[in-house]
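Chemist: Sharing a structure, written as structure tokens. Questions coming.
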Amino acid sequence: MRMLNSEDSKGQRTSRLHRGVSSLKVGLFAMWFVAFVVGAIAVYEELTSPVDLTNATSYVVWGLYVPTYMYFIGASAGAFLISVIVNVLGTKKLEPTVKLSLYSALVLLIMAIFTIILDLGHPERAIEVLSRPQYHSVMADVVTVYVIYFVLLVVELLLSFRLDLIEGRFGSLGGSAPIKKLISRLLHPSAGSPESLERSARLIRRSFLYLGAFGLIIALLFHGGVGALLGTVYFSKPWWTGPLFPIVFVAGALYSGAALFIVILMALWPRKDEEFREMIAYLGRIVYWLLIGNAVLIVADLVIPIWYGTDPAGTAITNEVLFGQYWYVFWIFEVLLGFIVPGILLSSRFRDRPVIVGIGGAFAGIFYFAVRLVEVIPAYSVPEIPGLQSAYVDPRLIDTYTPSIHEWEVVTFMVAFGIGLLYLGYRILPLVPRAAAPTMPEQGRGGSAPTMPEQGRGGSMGPISGDAGEPKLMERRGFLRSVSLAAAGFLVAVSIKWGALTKATSSALAYSRQAARALIARERERLAAVSTGIIEGLARREGAERPSFVDENKLVKAAGEGVVAVSPLVAQAAQVAVAETDFEDESWSQPYTWLPGQPTIQVPPGYDELNPIYRMMEDLKRALAKPANQRKWGMVIDTRKCVGCFACTVGCKIENKEPPGVVYRPVVVAVHGDYPNQSATFLPRPCMQCENPPCTEVCPVGATFKRPDGIIAIDYDVCIGCRYCITTCPYQARTFDWGLNYTDGTPKIEYYDIWTSFEYGVDKWDRPVDSRKSPKFNTHKCHFCIHRLESGMLPQCVTTCIGRATYFGDLNDPDSLVSKLLREQGVSRLKEELGTEPKVYYIGLTEPMMEEEAPMADGAWVP
């Protein structure tokens, strides 16, 4: 009797344990369900919102999604490493896990690709990378390797299934019966002798050796390629140019992937027997030594720049990571939770305890994500052009970044999506052995025979399986209760989320419409006032006999359009210039623009010295008469004449209809010295139109290209919005349209004259634009006002500059004004040492402005 009571109490304890496990599974499923649904809503918003919902800016263009993608793609390479250890190195101890490791690598690859597609400005154009790849771009190369890697994983997985069929292990594996039947029908070897089947098995194993070695090269190549993708922007991001950076990327991929595979194995492996304990201990040893190797590499990568101090920008970023705004990410999440804690749990002292090893693997795998964050985000904390953030103030033109809640929701969905794919594969594919029948005491009267529990009213429930004889995951009542609670919690969360979102969106839209209408009204009033004043002055000067002159003179028209958004002081200066002009000369009756077939402009003697506009118009006339490949546009900016009025900045925004968050020509202002002995330097910074532009080399689809006349242009119908070119530009001359512009889209730029036969005219730049589908989520940059040039007009910044500090013309024309300035004046260019050969030259540029590391007075930059 005493023995029966002890056996009954033991059975009760076992039953309570199984009920506890079932409740835990129910809770985990509820958490997964809520995360999946809330994340799915965020993904839907990401794909359909007319406005970018992330906190990324044009100076921090790669936010949370890029480190997440790099983390997933690295983990995929690390999971694939397990199959390589078995197939190439011949480690039999891990042979049962090969199919699960291949499938895990496949799932992590899919998660990485989906994450980076969501980061694109135009996800619908992602296929362009494969349909029109530019293989001089590392991004296009890496995407091609992803396709090869995907095919390789699928082929190895199918060959593994076929080998199991040949060697008779297929029936002992888990999975859904219909799926297993389908796989058996497709991959079952044809009837043959045992010798032929043995030859087929040997052939498959030999192919595993070659495929595994080739796959290891591919895995290292594509993840080393991710490091190379960052390393190619050495022009602008010294944080990514360390000597150990690509090695750290590869080693981190192996470490994080192997650690995550321990967690996957702990969760999905059905038999917790001695073989399982040996596999976990062996994987724990691998991850432990990978942890030590990664720690040494990371410390060396941080110490080398500080020790030698050869790169001030890199040293500044290192200080920012260790002691600045990212200190908690590095010291708490990366060092403490990502290395110290798992280093203790994975040590030999606890290696015979699978649960502790699994927890250590979870810490190592999950918190290695902090390493990816530190590798990407801090690189933007030091600007390429000091003071650029203060040159034009906009919420999307700052160099600080914190991920938004929406971004974390999208990442949460990707994690939940990956977990769902892993569990789905575990349920329907023959990846792991069939679960062993549990030995539980009978729950009826007496008897202690180890039998399967009854699946009727009295039995306790185990894990779900595709076969009828296996226990289920949870009771129906518990399942329905958990689903109900999860659904209720989801509805409450969604109602709160949508209520707050709707209210905030409505308020923001109302405020934006009101502010836009007020701004447009004010600008129209100023335009009318300035134009009226100029016209009245000209009318008084000309007399009543030629009233149509003002309408013909495009000088006044262009000046008026440029002046409208600047200031009354500029308008007054324009009126003074008009009043001091000698209108008795008949040349003033000619239009301001020049196109083929129009009369030649007669410049008054000596007037080009007082007003260089006429001289540059003559240069423009000669340049446009030549083929495009024989002219090379360039610009000279005299910083001695620049007064910092920002007329060029605002005039450019008006002319090119730049949306909020986009600026083509900011003016950087630096104050030197101490009060009262202070001086200021003004640096207008357009696109440099480099002769050797790095932006065209990195574009994976060729959307950024160099025209025959030297202008770097963007095809908005091809741009995928990856922002690789923005990251690469060492002058930060590119910004991104985050969709914060007009409800119906950015208005089309209107042209001043009917297009003629100029290159890139009707075919490229005059294509019809649907106002409802504007070039949102594209990169934008200065293009020397192509629409004005090919209409016979100078760029807007040239005609708007009240100090006449900007000169423009053909650098290939030795008689042009810009060529004369280059010969006679001491000119300099920004960052000439990079070899980009910019075609924007500066006169009188001071050394402190040209040197990024030069200290300013109190570090102050005035807007």
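From the backbone N, Cα and C atoms, a Cβ is placed for every residue, glycine too.
Curation does not apply to TrEMBL; its annotations are automatic.
Pulled from TrEMBL, these are the listed features:
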| type | residues | note |
| --- | --- | --- |
| TRANSMEM | 21-44 | transmembrane segment |
| TRANSMEM | 64-88 | transmembrane segment |
| TRANSMEM | 100-118 | transmembrane segment |
| TRANSMEM | 138-159 | transmembrane segment |
| TRANSMEM | 208-235 | transmembrane segment |
| TRANSMEM | 247-268 | transmembrane segment |
| TRANSMEM | 288-308 | transmembrane segment |
| TRANSMEM | 328-348 | transmembrane segment |
| TRANSMEM | 355-374 | transmembrane segment |
| TRANSMEM | 410-429 | transmembrane segment |
| REGION | 440-467 | region 'Disordered' |
| TRANSMEM | 479-500 | transmembrane segment |
| DOMAIN | 633-662 | domain '4Fe-4S ferredoxin-type' |
| DOMAIN | 678-709 | domain '4Fe-4S ferredoxin-type' |
| DOMAIN | 710-739 | domain '4Fe-4S ferredoxin-type' |
Chemist: Are there 3 or more C-beta pairs under 8 Å linking the transmembrane segment (208-235) with the transmembrane segment (410-429), counting only pairs at least 6 apart in sequence?
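Modeler: When sequence-distant Cβ pairs are counted, the transmembrane segment (208-235) does not touch the transmembrane segment (410-429), since fewer than 3 lie under 8 Å.
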Chemist: Where, among 64-88, 138-159, 208-235, 247-268, 328-348, do we find the most CB pairs under 8 A to the transmembrane segment (288-308)?
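Modeler: If we count Cβ pairs closer than 8 Å to the transmembrane segment (288-308), 247-268 scores highest.
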Chemist: As a test of reading the model: what is the averaged pLDDT for the domain '4Fe-4S ferredoxin-type' (633-662)?
Modeler: 88
Chemist: Which numbers of helix, strand and coil residues does DSSP report for the domain '4Fe-4S ferredoxin-type' (633-662)?
Modeler: 10 helix, 6 strand, 14 coil
Chemist: Is the transmembrane segment (64-88) in contact with the transmembrane segment (247-268), using three or more Cβ pairs under 8 angstroms as the rule and ignoring pairs under 6 apart in sequence?
Modeler: yes
Chemist: Would you kindly list the residues that approach the transmembrane segment (138-159) from elsewhere in its chain, counting only those six or more residues past its ends and only Cβ-Cβ distances under 8 Å?
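Modeler: Contacts with the transmembrane segment (138-159): 80, 83, 99, 102-103, 105-106, 109, 113, 129-130, 187, 204, 207-208, 211-212, 214-215, 218-219, 221-222, 225-226, 228-229, 232, 698, 700-701, 722, 724.
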Chemist: Quick one: do the transmembrane segment (208-235) and the transmembrane segment (355-374) reach 3+ CB pairs under 8 Å, ignoring pairs fewer than 6 apart in sequence?
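Modeler: Answer no, regions not in contact.
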Chemist: The domain '4Fe-4S ferredoxin-type' (710-739): which same-chain residues, six or more beyond its ends, come within Cβ distance under 8 Å?
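Modeler: Sequence-remote neighbours of the domain '4Fe-4S ferredoxin-type' (710-739) are 49-52, 56, 58-59, 61-62, 119-122, 125-126, 128-129, 132, 137, 139, 229, 232-233, 235-237, 383-385, 388, 396-397, 631-634, 659, 661-664, 685-691, 693-704, 746, 760, 764, 767, 775-784, 786, 811, 830-831, 834, 836, 838-839.
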Chemist: Are there residues at least six beyond either end of the transmembrane segment (64-88) with Cβ under 8 Å to its Cβ atoms? List them, or say none.
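Modeler: Result: 54, 94-95, 97-98, 101-102, 104-106, 108-109, 111-112, 115-116, 118-119, 153, 156, 208-209, 211-213, 215-216, 219-220, 222-223, 226, 249-250, 252-261, 264, 283, 286, 365, 368-369, 372-373, 375-377, 403, 407-408, 410-411, 414, 418.
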